[in-house]
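What follows is one structure encoded as structure tokens, with my remarks underneath.
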Amino acid sequence: MNSHYLTLIMNSGALLTIIVLLPPIIMPKPSMILTTKLVKISMFISLIPLTIYLNENMETTLTMKPWMDWALFNIALSFKIDKYTVIFTPIALMITWSIMEFSQWYMAKERHMDKFFKYLLLFLITMITFISANNLLQLFIGWEGVGIMSFLLISWWSGRTKANISALQAVAYNRIGDIGLMMSMVWMCSNTNSWDLQQITMLLSDQQYLIPTLGFLIAATGKSAQFGLHPWLPAAMEGPTPVSALLHSSTMVVAGVFLLIRLHPLFQNYPLMLEMTLCLGAMTTICAALCATTQNDIKKIIAFSTSSQLGLMMVAVGLNHPHIAFLHMCTHAFFKAMLFLCSGSIIHNMNNEQDIRKFSCLNNNLPLTTTCMTIGSAALMGLPFLAGFFTKDLILEALNTSYTNAWALMVTLMAVTLTTAYSSRLIIMSASGTPRYLPLTPTHENNFIKNPLKRLAWGSLISGLILTSTLPPMKPQIFTMPTYIKTIALMMFIISLIISMELTNKKINQTTFSFFTQLAFYPHIIHRLTSHLSLIWSQKLMTQVMDVSWLEKIGPKGLANHQLKPSTTLTEAHHLNSATLPLMAFALTLITLSLTAR
């Protein structure tokens, strides 16, 4: 077929994917079933551009009439339909379809479900806008859109104080990242006179500029909850479980990593920024893995595993392998969404209980849920031939064959080991053993649970093989390496299994890991200590500086001190006059009498 027609079909399919999603947003009260069906239809439509790309290796850019057209600067509505867009869009749509179907059961008793589904749909559309943007303005619109929608969805249960605090916390931390992105946009506008991504990468890819690259790294740190700006991610678990599934799998938290992948040409020839990205990712992945190992809340364990995997993606970007980071982002979306839906099924059936120490033997009552949770955890561990294995193994191989940073290598290997440890602990505590809950606890699995979990389970099983076999690597791969490097992932898996068995051994007196259960006291230091110190300093400033200076120097005491010397002088003179006047009068009287007597 003529390439012109293929380009037309590809562009039309990409636009139709978005257009199909618009009716539920325009309608005042769309039904949940209609919204879910339209997302399903949109997912199948999005396969058309993907099929054309896989067959013809074709990428297009759809540009429309400029919004602003100045002498040296213009902004046009432009969509970049490349491999990142055509691959990630069907994945995001499929996951959203599964989450919406699951929500029809999970949140059946909630009011305003039409608004909830609108929020989910807007969340998805803003993410698609972000990944398909071909200029920084559209990218910023999608970037802010996912931030706003995450705030609305995390605070969905607005009657709960913790939900509102968590939503505000997410916004506050993301504001820091937004400052970095805006700083880079201003620099681009003033130095390149363009916000078009293709022009920017063409002009700056061979040079090193600190301000724009640092701004993009700060933006990714805030949005993807990297170390330093990470406390909002576990706090976001106060929202509904379907929100957590969408937030952690294919929307907001991966937006920061995707930003670095999209703008990687600016980083690829800048060793300093690559080193910073590598060390930041390594620090994030080890801290999150240590916290996940000591948590007992099922949703927080999965949330910290998300943070750890995001750190692993940042490591891949820092190794100058954005292609591998994108592959891991795609495979991670499937099993992370499935793990959250499994946790939602367990929580709902266990009467809103989230402590894994109170779960056990759930494989008898919730067989499909525990099976899918086992598959998702195994894929997260990197068990051979599951989705996570193909991408995790590539990251470890790239890290082992790199001469960049030995500390990052050691820390990342420790984090990968701990990933298997907390995933195995989650499976053992939930699925095996004797029941630790009431025998009359009602548990059931219906089609609203089964169908989404089955779809995501298939994605967790085969997505890694399909993606790595159909997408060629961007750089030449190393085909010869020592056996110990090739098998290091398997060795880490075995070691971590031993660690997890040790952690779940009930015969050993368990000690409280207060340091990591409290997230290394980082939220207390940042949220409590800093505010407490600022209040103390403010109090001292007002009471010991302002009040004292007013009272002692300017106010009543100051006036009294200033008037003390004159009043003392006058008083002394008054006392002097009081003592001398009678003597003078007596002397004058004597003189007068003496003169009279003569």
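Every residue, even glycine, has its Cβ placed from backbone N, Cα and C.
Features as listed in Swiss-Prot:
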{"type": "TRANSMEM", "residues": "6-26", "note": "transmembrane segment"}
{"type": "TRANSMEM", "residues": "84-100", "note": "transmembrane segment"}
{"type": "TRANSMEM", "residues": "113-133", "note": "transmembrane segment"}
{"type": "TRANSMEM", "residues": "136-156", "note": "transmembrane segment"}
{"type": "TRANSMEM", "residues": "241-261", "note": "transmembrane segment"}
{"type": "TRANSMEM", "residues": "272-292", "note": "transmembrane segment"}
{"type": "TRANSMEM", "residues": "301-320", "note": "transmembrane segment"}
{"type": "TRANSMEM", "residues": "325-347", "note": "transmembrane segment"}
{"type": "TRANSMEM", "residues": "409-429", "note": "transmembrane segment"}
{"type": "TRANSMEM", "residues": "456-476", "note": "transmembrane segment"}
{"type": "TRANSMEM", "residues": "478-498", "note": "transmembrane segment"}
{"type": "TRANSMEM", "residues": "576-596", "note": "transmembrane segment"}
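In summary, the transmembrane segment (113-133) does not lie against the transmembrane segment (272-292): fewer than three C-beta pairs, each 6 or more positions apart in sequence, are under 8 Å. Sequence-distant contacts of the transmembrane segment (84-100), counting only residues of its own chain at least 6 positions beyond either end whose CB sits under 8 Å from a CB of the stretch, comprise 14, 17, 32, 35-36, 39-40, 42-43, 46-47, 49-50, 53, 117, 120-121, 124, 127-128, 131-132, 242, 245-246, 249-251, 258, 261-262, 326, 329-330, 333-334, 337, 341, 451-453, 455-456, 459, 463, 467, 471.
Long-range Cβ contacts of the transmembrane segment (478-498) within its own chain (Cβ-Cβ under 8 Å, at least 6 residues beyond either end) map to 381-384, 389, 392-393, 396-397, 400-401, 413, 416-421, 424. When each of 241-261, 409-429, 456-476 is checked for Cβ pairs under 8 Å to the transmembrane segment (272-292), 409-429 comes out on top.
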